[in-house]
Amino acid sequence: MGGRREAIERELKKLRAEREELDGRIRLLESQLEAGPAGFNGAAAGKGVGDDACGGSGACQSRVGNEFAPDGSLPADMIYRYSRHLLLPDFGVEGQRKLSQSSILVVGAGGLGSPLALYLAACGVGRLGIVDGDDVELNNLHRQIIHKEAYVGQSKVKSAADACREINSSIKVVEYHHTLKPCNALEVARKYDIVVDATDNLPTRYMISDCCVLLNKPLVSGAALGLEGQLTVYHHNGSPCYRCLFPTPPPVAACQRCSDSGVLGVVPGVIGCLQALEAIKVATGVGEPLCGRMLLFDALSARIRVVKLRGSSPDCTHCGENSVFTEEDFQKFDYESFTQSPMSDKAAPSVNVLPESARITCREYKKLADDGEPHLLLDVRPAHHFQIASISPSHNIPLSMLEEKLPALEASLKEAGEGSALVVLCRRGNDSQRAVQLLREKGFTSAKDIIGGLQAWGRDVDPDFPVY
């Protein structure tokens, strides 16, 4: 029964997504009819929307996009569509022409890539490439505004490309349904004028920067975490590459990701919009891009600061005067080993620092609790995590406060009864291992952690437990 229900739900999502796409195409044609003769050329151009052909490379490309009159002037439908751009003295016809003839690759269709891709499509970039190997998940939607509920479980790239085509059927949208890696990055990025990094992890940041240096492409790079964001343009007009600023990666403990630390939905939205702006400035030559400067955004105080960066380093191993880094070196380079981090925007990998004798599964703990064995369940997550969801009864002492709270823990353990077991858990089973290490060093020799933490509990014991 469960499998049949899941199949029906998947089919419903698929049909709803198809209906959304058809509704979008209907709205587009209706708006072009309302526009009168100025909109008819656009209607004719949009005839092939959705009739994509996929090649063996994993890229799907839509029909040909913006086309100009023989004398280079903008056609009537483009003048009507982009009239508010054309009225800007600093942008005008020449700016729109350059933008419509440019190609921009967006790496990542998540919180940053969502507004970024939507605005580039709406503003009329000639060819827009979108790279992402993930599927849409429900917990993406608070910040990844390009996706809809109907697309949950489907490819992010398909969802993003469909949304961009609904906004502007006159541009080319190229889909890459895979993660960008050293083995394919050069082939993909080589086809574009500008690359925009909208990813969320350290090894990919190094890889994209190295790729752009080898191909001599400008790189618009943004990041957002928690309530802060930042933005700069690398390897353009004398600006440094990522390695110029960070020749060695920071410690793993200093690298956070939104799946661990959280992010307020609007923050990547702000940075993604600014990334679109910087990409447009680079493509058109209008304004002063953030080359050699970094924009810092603080959402809580609503402050934006721009700080100066040092220039390109002549001693940089990758973009410096004597660099010998080649495309072959790039394709063989192990970015995950270099940064000690996974090439994924998802959760950090599990650690394994305890012997098997110091660990139990969540099912083993469930049996221990059901049998009424005396024990104390210690939850070492931060207090605000504990407020989200917890197993009852459990005591919350955050890992950061554990050592100073050992006397209180010892008293609680005595209250639980003589010979009580001390069982430790956290969100994913990493911090609980570190806690057990500390506890055993301090004399709590019977302490054990629950393998996989609350995520394993929700998966293997209680499917209704809220996983976050």
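Quick reminder: no glycine exception, Cβ is built from N, Cα and C everywhere.
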Task: Candidate from Lys98, Lys156 that Swiss-Prot assigns to the same ATP site as Gly111, Asp132, Asn139, Asn140, Leu141, His142, Arg143, Asp200, Asn201 - done: Lys156
Open item on the list: Under DSSP, is Cys244 (Zn(2+) binding site) part of a helix or a strand, or is it coil?
Closed with: helix
TODO: Looking at ATP and its recorded binding residues Gly111, Asp132, Asn139, Asn140, Leu141, His142, Arg143, Lys156, Asp200, Asn201, figure out the farthest C-alpha pair and report it in angstrom, whole number.
DONE: 20
Task: Zn(2+) site, defined by Cys241, Cys244, Cys316, Cys319: further same-chain residues with Cβ within 8 Å of the Cβ centre - done: Ser209, Val213, His235, Pro240, Tyr242, Arg243, Ser312, Ser313, Thr317, His318, Gly320
Task: Spatially closest candidate among Gly111, Asn139, Leu141, Asp200, the listed binding-site residues, to Cys258 (active site, glycyl thioester intermediate) (Cα to Cα) - done: Asp200
- [ ] Could you state the whole-number distance in Å separating the C-alpha atoms of Asp200 (ATP binding site) and Cys426 (active site, cysteine persulfide intermediate)?
- [x] 23
